[in-house]
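Here is the structure we will look at.
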Amino acid sequence: MLITIDDVLSPEELAQARKLIAASRWVSGHVTAGPQALHSKNNEQLPEDAEHLPALRRLILGALNRNPLFFAAALPLRVLTPFFNRYAGDSNHYGYHTDNAMRLAPEGGYVRADVSATVFLSDPEEYEGGVLTIADTFGTHGVKLKAGSAVVYPSSSIHQVTPVTAGARVACFMFMQSMVRDAHQRRLLFDMDMALLQLRQSVGEDNDAVVRLTGTYHNLLRLWADA
């Protein structure tokens, strides 16, 4: 399941994020590459000691935490701290790869990566190329969203960022463990959640069918959730 979400960041949040990033330095993106990705990853990343990284992470996580569509799609249980990358100049692409299944958490231990997300911080007009191409059972899709918008997709998907041939592509990316590890089950729950939302708007919260279907949604979540 691939879901795009417009305007995750408010205009004020986007402006603040871009201001902080403009004042930051970049290092090689190899610092977070796994064994396979190491050979295909050629970008830049904010280092862990970057002055503005904590503020940027709080900004992104705060925006995602208040977004109901993000919650419905990802059903996040544990969200790892976000990273920030840039594609420009000679560091301009990331070939096809799959994200590592297990990610080291800052506090220690490992988190299973079920869901990946990218929040775009550059507008499409600011760079050429740089398409996030995601291939999975739902087909192959190219994603290039306006700044402040996000895409959410299974971490098991094979994906790439095509070469940026002009300008600079800046984005935030992150991994999370979902309450529901199976992508097909998450898709069913998401579809049911969206259908229930439409049904409530049509017939109201107190409708008997709405009450019963809402109960079915939560019972399926109870059945499938790891938490």
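Positions of Cβ are set from backbone N, Cα and C atoms, glycine also.
The Fe cation binding site annotation in Swiss-Prot covers His97, Asp99, His159. Residues or ranges marked as 2-oxoglutarate binding site by Swiss-Prot on the basis of sequence analysis: Arg169. Sequence annotations record features per position, and here Swiss-Prot assigns domain 'Fe2OG dioxygenase' to 78-178 based on sequence analysis.
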Alpha-carbon spacing, Asp99 (Fe cation binding site) to Arg169 (2-oxoglutarate binding site), which is rounded to whole Å: 20
Euclidean distance between Cα atoms of His97 (Fe cation binding site) and Arg169 (2-oxoglutarate binding site), Å: 19
All-chain count of other Cβ atoms within 10 Å of His159 (Fe cation binding site): 24
Cβ neighbour count within 10 Å of His97 (Fe cation binding site): 18
All-chain count of other Cβ atoms within 10 Å of Arg169 (2-oxoglutarate binding site): 27
Around the Cβ of Asp99 (Fe cation binding site), the count of other Cβ atoms that are within 10 Å: 21
Local backbone state of His159 (Fe cation binding site), from DSSP in three classes: strand
